[in-house]
Amino acid sequence: MTVGIAVSGEGEQYNGRMTVFLILSCIMAAMGGVIFGYDSGISGGVTSMEPFLRKFFPDVYSKMKNDENISNYCKFDSQLLTLFTSSLYIAGLVASFFASSVTRVFGRKPSILIGGASFLTGAVLGGAALNIYMLIIGRVLLGIGVGFTNQSVPLYLSEMAPSRYRGAINIGFQLSIGVGVISASVINFGTEKIQGNLGWRISLSMALVPALILTTGAFFLPETPNSLIQSASNHCKAVLMLQKVRGVTDVQDELESLIKANAISKTIKHPFKKILERKYRPQLVMAIVIPFFQQITGINVIGFYAPIVFRTIGFGESASLMSVVIIGLIGTCGTLISMLTVDKFGRRGLFMIGGVQMLITQMLIGGIMAAQVGDQNAVSNGYACLILVLICIYEAGFAWSWGPLGWLVPSEIFPLEIRSAGQSIAVAMNFLSTFVIAQTFLTMLCHLKSGIFFFFGGWVAIMTVFVYLFLPETKNLPMEQMFEIWTEHWFWKKIVGENDDEKNELYVA
């Protein structure tokens, strides 16, 4: 049995090159990743700050300070505390479906603008919060913001990019997430030393900066050629935009492919119903499975609760926050490696290498914590530092595999007629998985203790095998020709093979 992809060649390559206009447009759009990363990084640090806990979560603070009999693993077990973190993701889940209609009907640019404005409002409310209700409402507005931007930004980047550079440009979204996480971690490290409630207020309020840049910049963003063709019968603007983005005047081949894709798209009135058809089964499965797997890697242990985990193994508050800064830098370097290699070595190879790397490190971390971290004892400095090193290696594996590719692959595999619906499903699944894990992690940590790393490691093994068996390679293939990979895959051709005749006539004319 042949496993993986058996597509001959890499599809037709259209004219075009990297232009300054393209790079600047994608950098501005990728600010949507910065706001997402900043929030992910800031929430974990803020929830470990004692003034923040005293004001909003006094029960957690009391357990941490006064209850000497409680297990190290259970000090932060609070559903209200996890709701602070996870409420953003349930709001983002709901918002992503509204974002699908906005993205499809009005374009990618308005969706990015709405996301930036909502996040901006949520940042103001969170920084000024006087009670838990203001705090949660602010989180919901932040969630609406990332719901819109996470739905539209990966699509924007994939559609603007030339096919041979699509992987690297799309991974700019994950790189921006890493920049946001590092910024948040550095700010948390500084504000933690401020006495009283001013420290956490500064941390939450500083989300205003990337949100303001994104909201302002969205007004000046060009719309993607795909969206211009999809929303207007006159293709003159699309031709001019293609020429400007690609840096060449001869864009006829790519234009014809986009027009043909749009012709199919116009016949689809209910994309969420259409995506359930048999011929779209592979894309639907990937839109559900890949975001779920991305979150079940256990990355949320690092992203949300790393300071809490480090407090659990004996680090002080400042040391915990500095450790997160180090992890963020490692993750960003890993994402840069992914950007440089993804279009050369492909998606499947990075997925599997990163999966093996994460699996090994998680097994080692779980074993060390099982042997060294008891219910009350503080682990030695040597073992604490070893755990930190292993977490850094784990973070690097995620950063060049499931982190960026979990956003890249779903954004590039859908045909235009169901692209916004498919991306919404992928984003919603990502947020749903994140919500469930964020809401249950501290309770799982309390009950499973060190076994939580074996739990996530088992899932990493499953997802690595899944990629090997069922994910075909998508590198360098134009999005309008992506249907070919399913008709030539050993498994998916049994499902979609008999349904592709009509689509072949439309695309291969």
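Even glycines carry a Cβ here, placed using N, Cα and C.
Annotated transmembrane segment per TrEMBL: 20-38, 80-99, 111-130, 136-157, 169-190, 202-221, 284-308, 320-342, 349-369, 381-403, 424-445, 451-471, in sequence order. Feature annotation from TrEMBL assigns domain 'Major facilitator superfamily (MFS) profile' to 25-475.
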Inquiry  = Ranking 111-130, 136-157, 202-221, 451-471 by the number of C-beta pairs under 8 Å to the transmembrane segment (80-99), which range is first?
reply    = 136-157
Remark   = Note: vs the transmembrane segment (169-190), the recorded stretch with the largest number of Cβ pairs under 8 Å from 20-38, 111-130, 136-157, 349-369, 381-403 is 20-38
Query = Residues sitting near the transmembrane segment (111-130): Cβ under 8 Å, six or more positions beyond its termini, same chain?
reply = 29, 31-32, 35, 39, 56, 95, 99, 102-103, 137-153, 156, 201-202, 204-208, 211-212, 214-215, 218-219, 221
Remark   = The recorded stretch from 136-157, 320-342, 381-403, 451-471 sharing the largest number of CB pairs under 8 A with the transmembrane segment (349-369) is 381-403
Remark   = Spatial neighbours of the transmembrane segment (136-157) not adjacent in sequence (6+ beyond its ends, CB under 8 Å) are 26, 29-30, 32-33, 35-36, 39, 83-85, 87-96, 98-100, 102-103, 108-109, 111-112, 114-127, 129, 169-170, 172-173, 204, 207, 211, 214, 224, 407-408, 410-411, 419-420, 423-424, 427, 430-431
Mean of the pLDDT scores, which run from 0 to 100, over the domain 'Major facilitator superfamily (MFS) profile' (25-475) = 86
